[in-house]
Each structure stands twice: as structure tokens, then as C-alpha cells.
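Shown next, in C-alpha cells, is the structure this report addresses.
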Amino acid sequence: METSNESSTTDFILLGFSNWPQLEHIISGVVFIFYLVTLVGNTTIILVSYLDTHLHTPMYFFLSNLSFLDLCYTTSIVPQMLMNLWGPKKSITYGGCVLQFFFALDLGATECLLLAVMAYDRYAAVCQPLHYTVIMHPQLCQKMVLTSWIGGLGSALLLCSLTMKLPRCGQREVDNFFCEMPALIKMACVYSKILEVVVFTLGVILLLVPLSLILISYGVITQAVMRIKSAGRWHKILNTCGSHLTVVTLFYGTTIYMYMKPQNNSTSLDEEKFLTLFYTIITPSLNPLIYTLRNKDVKSAIKRILCIKKWTGKS
């Protein structure tokens with residue numbers, strides 16, 4: 001039996017969408033377009049939130065962190081994926097696979113926690129409007145974001161070390177387009193009950209608990225919104241909260257399905273690949289569109305910045 005240490009000197013082969021060679025060029029084109037949208041959209045949100053003083057609020061501080069997470073998340077996956085789709089080789093070094101696996105886990109887990117933090121921010125804004133600035137002071141916001149990052153880092157270190165120690169018996173083919181945990185676990189020639197328990201436990205902590213807190217927050221928000229008589233404020237709350245709920249639904253729905261099922265689940269590998277494609281490539285590109293198209297503050301900030309640039313350019 002070959003251990004993981006012995007096989008660490010060889011490259012891995014990312015099978016990706018090799019079962020559909022006729023679709024690889026189409027998929028690569030779609031991925032490239034979505035990646036460009038992710039880069040432009042999330043960078044725009046970060047810059048606008050920083051440059052416009054009207055957006056120096058907790059909500060946009062958290063949104064900027066979410067955009068930064070999405071930028072890093074897709075960048076850890078897409079460049080290697082496009083190289084494999086466009087080039088003759090579909091390999092990735094062992095070290096590259098470990099780094100890709102680690103950063104995807106770290107950033108994904110951090111996003112799970114950050115989305116829960118953003119839900120609490122919306123709760124404080126809607127249900128405690130008079131005390132909002134006192135509750136969500138800058139130091140608390142920074143601590144909440146830091147806690148999210150530390151939680152994601154700790155879970156990634158644990159899962160990455162356990163998964164990469166599994167013996168693979170010479171297996172080099174990763175049946176996915178990047179080094180993701182479910183695909184790496186299926187490469188192992190042994191069943192690890194310990195890993196399954198750890199994955200399930202962390203899944204509860206990082207997925208089910210934050211999602212429960214989000215749902216509770218929005219349950220309370222819904223009760224508060226029903227008592228609001230101002231149509232303008234009611235509409236504004238629905239826009240900001242609706243954007244966050246849309247992102248939560250897209251991200252949590254597919255992630256829970258992929259990571260909370262048992263290791264021996266008989267889900268189609270093809271189905272898993274397209275689900276993975278959705279929450280790793282498509283969702284990060286939709287986040288900035290969801291927040292900007294439904295958010296008048298962001299659109300107004302972009303207009304103000306563009307007008308200032310235009311005016312200074314003429315002068």
C-alpha cells in the first residue's frame with residue numbers, strides 16, 4: 001500500500017470535464033467570462049466602499065471583506081483550471097494541489113462565518129436602529145471579521161492535514177476540475193471514519209449553525225419589517241436584506257449538499273462537478289451584481305465617483 005508521503009513526489013491529474021471533450025472549450029469560455037465579471041465586480045465594490053465616505057459603514061465593511069474573499073477564492077481555482085482546459089496537460093503538482101485545497105477550504109469556511117456576521121449586522125440595523133452605531137462599533141466589526149478568518153483558517157488546517165494523510169495506493173487522478181475535499185477523499189483506498197466525523201462536525205459548526213443564526217436573524221427582521229409603516233424604509237430594508245438572503249441561498253444550498261453528505265454517498269460525479277462549478281465560479285460573480293443592482297447606495301456611490309473623476313479630468 002502506497003502512503004501519502006510516497007505519492008507526494010508525483011503530480012496529480014485533474015480530470016475536470018474530460019468526459020465531455022466537446023464541451024471543454026465552451027466551459028472554459030464561460031468560466032473565463034464569469035471570472036472577469038468576478039474580478040471587475042468585486043474589485044469595484046472594494047474600491048467604491050473605500051473611496052466613498054458615505055459607504056464607511058459596517059455593512060459595506062463586511063461587504064468589502066466578502067468581495068475580497070470571493071476574489072481570492074476564485075483566483076485560487078480558475079487560473080489552474082483554465083490552463084488545464086486550454087493546454088494539453090491536465091496535471092497539477094502535489095504542492096499546488098495542497099495549496100489549492102487549503103485556500104479553497106480556508107476561504108470557503110471564512111465566507112460561511114462572514115455571511116452569518118452580515119446577518120447579525122442587518123438584524124442590528126433593522127431591529128436596533130437607534131443603537132446601531134453603538135452596537136456595531138468599528139472595533140467589534142474588526143473582531144467579528146478576524147474571528148471569521150481565524151475560524152476558517154483553523155478548520156482548513158485540520159481538514160487539509162487529515163485528508164492529505166489518507167493513503168491513495170498510487171491513485172493520481174482527481175475527478176474534478178480542482179483539488180476539492182470530496183474528490184480527494186474518493187481517491188483514498190481506505191475509509192476514514194475519523195475524517196467523516198470531523199467533516200460532519202465542522203459542517204455543523206461552519207454551515208448549519210451559521211445558517212440557523214441567519215434564519216433566526218431574518219425571522220426577527222421579518223417581524224420588525226411588518227411593523228414598519230414607512231413604505232420607503234420598508235422597501236430599502238427589503239432590498240438590502242433581500243440581496244444578502246439571495247447570496248446566502250446560492251452559497252449555502254450547494255455547499256451543504258456537497259459537504260454534509262456521507263463519504264460513501266452515490267451521487268453522480270458529473271452532478272457534483274457542475275454543482276461545484278456553480279458555487280466556486282458562478283456564485284462569486286453573481287454576488288457583486290446582486291448587491292449593486294439591488295442597492296441604490298452602491299449605485300449612487302459609483303455615480304459620485306465617476307462624476308468626480310470626470311470633473312477633475314476636465315479641469
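Each residue, glycine too, has its Cβ placed from N, Cα and C.
Annotated domain 'G-protein coupled receptors family 1 profile' per TrEMBL: 41-291, in sequence order. Taken from TrEMBL, the feature transmembrane segment applies to 26-48, 60-78, 98-123, 144-164, 194-216, 237-259, 274-293.
In summary, the transmembrane segment (237-259) does not lie against the transmembrane segment (144-164): fewer than three C-beta pairs, each 6 or more positions apart in sequence, are under 8 Å. The list of residues near the transmembrane segment (144-164) in space but at least 6 beyond its ends in sequence, with Cβ under 8 angstroms from a Cβ of it, reads 4, 61-62, 65, 98, 101-103, 105-114, 117, 120, 181, 184-185, 192, 194-195, 198-199, 202, 205-206.
For the transmembrane segment (274-293), the partner stretch with the most Cβ pairs below 8 Å, chosen from 60-78, 98-123, 194-216, is 60-78. Outside the transmembrane segment (98-123) by six or more residues, the chain places 58-59, 62-63, 65-66, 69-70, 72-73, 76-77, 80, 92, 136, 141, 144-145, 147-149, 151-153, 155-157, 159-160, 163-164, 178-181, 184, 202, 206-207, 209-211, 213-214, 217-218, 220-221, 240-241, 244, 247-248, 251-252, 255, 280 with a CB less than 8 A from a CB of the stretch. When pLDDT values are averaged over the domain 'G-protein coupled receptors family 1 profile' (41-291), the model yields 86.
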